[in-house]
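What follows is a short report on a single structure.
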């Protein structure tokens, strides 16, 4: 490892450093605010350090990692999301009596894990990143120990995740066995050698897809998602929905681009089936669901399906579409869960549809933000979600994936129903004129933290929805290096 | 730049209205009224002194656009914020804002809850519709197409009647589903054009020059049709309309009937005809058949409805049948008829909904079985209602007659049998229209409480509409002249460049000549030139 | 001259407008001034124009008020066209209209909706004038529908009574059926001539089409459809008897004198087209013949005095059609004029009677009125004589005789038509004098209340004079040979070509007609005055009664149409009230929800099932990747 | 020494993997499920080693070490959670933990 390597890994190093520091701080004395500040600052610092790497072409750190535009963008995305989530978490945990400090520790670790994922070019680093992410997630999900749902979610996630990573590992092993290398590039070269893929290799890929599919919670590996989403604390749910999935998707794209998996009809077929299944199952499951967190879980399943459509386009435009959609999706999801978190109280998260009845007349602004988020999920204009969906459709039409595209259209109609349903509930007339809830039971600073976050998210949402070309420039600028 | 103002004023006005609700309850109404009035005046100004400019490849027709605004929006995708008005758009805008004014006025007493938010939505719907009528960029078109739905959804869902949520869902999902298909078609067109020319753009004027393989053209056309036929609506895609109309508040129904349906017709004229000339010709007989089915089916259903607003809703289904019938007969008579139909139907049906609203305010029911004999207690309302009922059955001297007659004359040139059946629709129109009069204003009065007649505000709403419908019926020439150039433009693909035809815009001849001239001996009639396409079409069926 | 032309229809319209706007705020006196005055002035204008017209005989006068619209060469104008034909109609409309308006001031005096009545009446006169003065068919269509509207409003004038409203609705809808046919006719005309300007069409059609041209035939039949609808001819006659629900002046003006003859006007106006298609001509004649018989028989059995008159109107219009059908254009128009006079007269008399008997319309409850209402009696007698074509002294005799005569003498007449006409004449005189005897003779059955005053009697007398003297402007050439009327119309309507040296039979035919008429009167006298027991004997026989009921119900046309059209339509509409198409979409929604239920079964919350899920997925993927 | 062919080794690993997999599916007791998962992981590790030895590279063994560490971490967290579960549900039957469904 040379010095320049370190420079290029600066964001990760900063985060690691932050982890160590915060451990020490906890050892010295527990203080929620300090921990929060450390986390936030480190995220910011890490993000700032990215600007150094803005115009890195493609810097590989043999053999494990590579730092390129794609990586930079995804890391940046992950960091910002993590930052926002931590801001939300602050207010959320402030109301709770558990020991809050380790939470940030785990958050940082998980973030590191997913950052590693998106820049890894080697099974080893892939595996490491994935496990750092997962193991810290186990803890995060079950963080509120006193709620049995939390534990249930934790144990479910743990067993299933381990189970799936066993598949992943076995798959890797087989691939390794048949190609003799664990570097993506090497594998690509090896594959290029074969006239047709050997059974071993295909089995390997198949098993790996199982592992990856689980993390992405696509059908048929999606079943854990609703339970975990429901059980985990709202901010953590947001984290799972965004950061962890983003990381995995990033590595998936990188791997596929590297080995150019789109040449193999089998793989394409598998992903097509998975995509369609996810869209349908996700939307149908959410249709009459009355638990908001579960609705969001199912909708995230569907959205992963949408993402796969663009992913299957398998060209520069596809990658851009995925990335763009991911950004929109991150903003929206974090926003949505932010609202959930904000409305939650000591005992339970605000997850039942009833908790949102007539929200517009009780807390207009919160309701407005939530509405915006839902409309964005539904892909209605003036929101980022619309542009994202448009981009995906464009990518699909461009490569004539008519089946997928039509399915997407159909599904977003189904999806419309349950998003609008939540909105309708919020807009209902309050039965008894419930006066505005007593606010400011939180200290203003905290309140500001979460409200500010939501406002930022809403503004971003609309900004991207109305003027997407800024974001487009950034993406297109950074992703030129992604596609070989 | 004025064009942008049209939209901006409405949107800002909407936000202001929402905010001003904090100050007091009536302020939002005034804000809304003011902003709609402003844009109305602006549009009148545009109409009165058009500064003609020529755009894109249309010099051949000398198709003059009044005004244009262009501003790159998402250059990466060749999307630009491009607005333009020609005769057609101007007419549609005038209609939009006229109806908008009425909508604000009729809500004055009817809407008492969440006044501010109501007017926010109202103005944003209008803004969306304005955008649809103005935009010359297909992405932008879809954008506005969707934008107008959300506020409409809220108008129905929050201020509607008993069954509002169901209606709102239905409306929203129908239009969304169809809209997405259109989006796909737009994208398809975009890439085909891009691959041909290397220029990836959503600009309407560019895409007009796309040459399409028949197969592709057919598919894309169906994509567009999906959206427009659902919006129009054409049987069998109409079933959202009765619910939406009958559950929406009066203003909502008026806007739905008066404007949202027209966006469908507008789309057909503006996009489907010029973009897919060949495909439409193939599809024409079926489209016309759909139109006729719509006319008759709507009329039959209208007859048996007992909910007044639902009845009127079905009459719109019937009337919109004429639109599609006319659009697909590809000649100027029919298209002028269609344009007239869009306007006059907007007025007459709007008026009927308004009357339904008046009655509902007074009786709190829409069930005509409980009404009757109101003429004796409310003669003014009776007269107004009579006029618009007569309009809806196409009585000569009222606007709808011109519309329907022109449409039928045109479609007769294209297809005799279907037109004959469509004409039967006129009889059915008589049947349901007279039923309205009879059940509400004639026969014995079953109500015990007295029915107050129209007050000043309501007269203020009704009188202008009466004047308009009469004017359109007796001297529609200004409208026709305004629409002519754009219509000839849309028909370009179907006809040789028309050499013939009438002096352009005789704005000065508004009132009848003071000194009538008399002539001796027969005057030679102008020869009507059936366009070359017609013979082809006649031979084909 | 001619500058004033536009005033003729404009004045009544103005009157109507004023009454609509201010009717309920101003005094009755003022209302009647406006209502009657407007029509009066336009009558005066007509007179002036008529004199000028007669003094200098132009082909026609055309006045364009403004261009209605102009689309791709389709450019109808709001323009008026005055020639001999329209002159006759304008004359009848304005003058008879004027008289009836005067009459109405008394007849409707008690009614609370006084101003509404006059508004509608004025509107009607305006539209009717529009109809006959239009120089293009579209404008004509405007008037055509306008009168339809007015007749609707006036039939349903007493709207509190559902029956009246239904009658009004029936009238409007049935006429609309005819109008639809006519509209299609207009489309075709436009398609072939690129214009709806009547003169141009007439001139061009003659050049373009030869006799017996297909298209001409179709167009003619379609126009005939319109005419049939408005003029209450077979098969669309059923609305007219019910239309008697309206106030009597309305029946007099609209359903006797003017509107129902619009069909005659249309055919006369478009005679070129008809002349081009003999089949259509024959159709017109046959329709006329059949109608006049059917209506005549129906009239025989009615008890409601107005219904008798209604049926008689139908049958008289039938005569006009008969005339037109054989190309005797001017005779048709002549009969229209005469009929306008005497039928208006009869209706007004009936109105006076009804008013006198507290709105009693059943003739069985009348009788012995000759003493009580002398004026009404004598005027009615004159009218009746004219209707029954009482020889030599009645106008009706001359007009009707001319028609009958031309059935044989005319080139394309034939014996059957003639016989039909003759039989019709016979029946006519029977039911006419049945009316007379039932109403004015015998003992008084109902107390006479309101005695008619000037406002009623004067119009009656004037009309009586007209329907007595009107005939002398057109006398057969075997005595007198006055042809003022046909000469007047000659430039517009070609004279019928007569079979050479057929004239010597003419006096025989006239004699026959006279005998027939007198015979009818005698029978009526016998049955309804001398020996009423004869009626009793007839009423005793089953068969006769069956016939009687059949005729009384207007030959069961109503029931027929009810079964054929009305019930199916209503059923269709009712059965599909909530739109079966909708259920399809509901079905889709339900399917989706069902799928939701299905899927949510999989989310058991039990970890092992989730594991199983993953395994299944894995197996699936492996099979795909290994087998494919 | 006669090298064992890779296929045999992989087969062994596969068998091990399947054993683990099946027992995860059939076991109710959470602890046993955890153990079975560990077996699967080890199977993967074994596969790596076999592959590594076949290509005569150290990578396989390195991966195995990674796996071990990861497994250790996982088990520790897992056991902690299981304690919690047992503390709350008074049972280790995984089916009992199904509050969240639908």
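Every residue gets a Cβ built from N, Cα and C, even glycine.
It is B:251-271, from the ranges B:62-82, B:251-271, that TrEMBL records as transmembrane segment. Annotated range for transmembrane segment in TrEMBL, selecting from B:115-134, B:475-494: B:115-134.
Range annotated as transmembrane segment by TrEMBL, chosen from B:7-26, B:27-46: B:27-46.
Below 8 angstroms of C-beta separation, residues 6, 29, 32-33, 36-37, 39-40, 43-44, 46-47, 50, 66, 118-119, 122, 126, 129-130, 133-134, 249-251, 254-255, 258-259, 262, 266, 269-270, 339, 342-343, 346-347, 350, 354, 357, 457, 460-461, 464-465, 468, 479, 482-483, 486-487 of the same chain, each at least six residues beyond the ends of the transmembrane segment (B:88-108), sit close to that stretch. Residues of the same chain lying 6 or more positions beyond the ends of the transmembrane segment (B:251-271) and with a Cβ under 8 Å from any Cβ of it are 88, 92, 95-96, 99-100, 102-104, 106-107, 110-111, 122, 125-126, 129, 132-133, 138, 141, 145, 148, 152, 155-156, 159-160, 204, 224-225, 227-233, 241, 244-245, 309, 312-313, 316, 320, 323-324, 327, 335, 338-339, 341-342, 345-347, 349-350, 353-354, 356-357, 487, 490. Tertiary neighbourhood of the transmembrane segment (B:140-159): same-chain residues 73, 79-82, 111, 113-114, 117-118, 120-122, 124-125, 127-132, 165, 167-168, 171-172, 175-176, 179, 182-183, 186, 202, 204, 227, 244, 247-249, 251-252, 255-256, 260, 263, 271, selected by CB-CB distance under 8 Å and a gap of 6+ residues from either end.
Beyond its flanks by at least six residues, the transmembrane segment (B:414-434) meets 284-285, 288-289, 291-292, 295-296, 299-300, 302-303, 311, 314-315, 318, 321-322, 325, 328-331, 334, 389-390, 392-394, 404, 408, 534, 537-538, 541 of its own chain at Cβ-Cβ distances under 8 Å. Same-chain residues lying 6+ beyond the ends of the transmembrane segment (B:342-360) with a Cβ under 8 Å from its Cβ atoms: 91-92, 95, 99, 102, 106, 110, 245, 249-250, 253-254, 257-259, 261-262, 265-266, 308-309, 312, 315-316, 319-320, 323, 366, 371, 374, 381, 384-385, 388-389, 391-392, 398-400, 402-403, 436, 440, 454, 458, 461-462, 465, 468-469, 472, 479. Residues 3, 6-7, 10-11, 13-15, 17-22, 25-26, 28-29, 31-32, 35-36, 39, 83-85, 89, 92-93, 96-97, 100, 103-104, 107, 140-141, 143-145, 147-152, 154-155, 158-159, 251, 255, 259-260, 263, 266-267 of the same chain sit 6 or more residues outside the transmembrane segment (B:115-134) yet have a Cβ under 8 Å from a Cβ within it.
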